[in-house]
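*Asks:* This is the structure I want to talk about, given as structure tokens.
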Amino acid sequence: MTNRIEVLYIDDEDNNLNSFKAALRKEFRVQTAIDAEDGLILAKNHEFQVVIADQRMPGMTGVEFFEKLVEINPDPIRILLTGYSDITSVIDAINRGEVYRFIDKPWNIEQIKNAILNAAEIFNARKELKEKNNRLQKLHSEMNQFVYSLSHELRGPLMSISGISKLAKMEVKDPGIIEYFEMIDSATLKLDDFIYKMLDFYRSTKIENKIVTIKFEDILSQLLDEYKLKWNLDGIEIFLSIDQKDVFHSDESKIRVILNNLFSNAFKFQKDEDGKWIKINIEVNPKGAMIEVSDNGIGIEDKHKNDVFNLFHRATQRNVGSGLGLYMVKESIEQLKGHVILNSVPKIGTKVHVHLPDLLEF
């Protein structure tokens, strides 16, 4: 039998050690120790899946042994053998030695076998989970590096292309050539917007919330400055209303994802006519923050309303959206323990209402 279960048994009586090893050596890989000190040395230098110890041993009880074992190597599953009933020892074993199971002495072979097999299953499941967590942490670290690269290594050259195109366009008079440069500008802007969306996607789906004090006025001011550099907002009237007298705590990066994508959608899906507007209303009170973004754009048809928050769903044939925006809004809101309500009428406009609790009070 390959990959046999590794078992360590500690008992101060030679007869018990010999009987244990003789009965189980064919099914398990068994090592024994005559006292707790020898047991600790073995456990420190070898990977055991299951460690079994007698409670009554000179110098160190089974509970005391397990307490020290947890400090040295907490991974093995611990089983305590006891020949007497003592509730104090039981409580100590659970609290101090983190014992998985008790077995009364004298033990029988089938009882011991089943206990070892069950304990080994737990050990292997925990080990597998630990390995998966380690791989997940490695992937998370690599993702952080990828996001940094995406932000700096791609967007930097892209902005250089856009800048050079704009300068070149100023030097030429031929309408045909100007049109080509405008196509370059449009393509770079679209690609930059997609990269920005991918960065938002990463921020919105990361599990951990970094809770800080949120100042909505500062966040919106920065976002609007970015919008003005990125898009031509001429012809769109923007109304801002921020009422924040109370301190509010949340994850700033996810707040930015929500505001950025709601504003982006309101801008991109406007009607091709005069009188366009976008309204952003934010109110903060002791119960949390209310964010409302509304517009008088093209609206959303009823058949799409249940799907607009799904990944890559597009509610219009306009080739301006990535299908990521509202999905990221929903993901961010859920991770911030909030909820969202969408109201939209085709050809009239859309209103998105978001409520977020204060995460320090949640």
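Glycine is treated like the rest: Cβ placed from N, Cα and C.
Note that the structure is predicted; figures quoted are calculated from it, not measured.
Grabbed the feature section from TrEMBL, which reads as follows:
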type	residues	note
COILED	112-142	coiled coil
DOMAIN	6-120	domain 'Response regulatory'
DOMAIN	149-360	domain 'Histidine kinase'
MOD_RES	ASP54	4-aspartylphosphate
*Asks:* Tell me, how many other CB atoms lie within 10 A of the CB of ASP54 (4-aspartylphosphate), whichever protein chain they belong to?
*Replies:* 21
*Asks:* Can you break down the domain 'Response regulatory' (6-120) into helix, strand and coil residue counts using DSSP?
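*Replies:* Helix (H, G, I), strand (E, B), coil: 53 helix, 25 strand, 37 coil.
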*Asks:* Over the domain 'Histidine kinase' (149-360), what is the model's mean pLDDT?
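*Replies:* Mean per-residue confidence for the domain 'Histidine kinase' (149-360): 85 out of 100.
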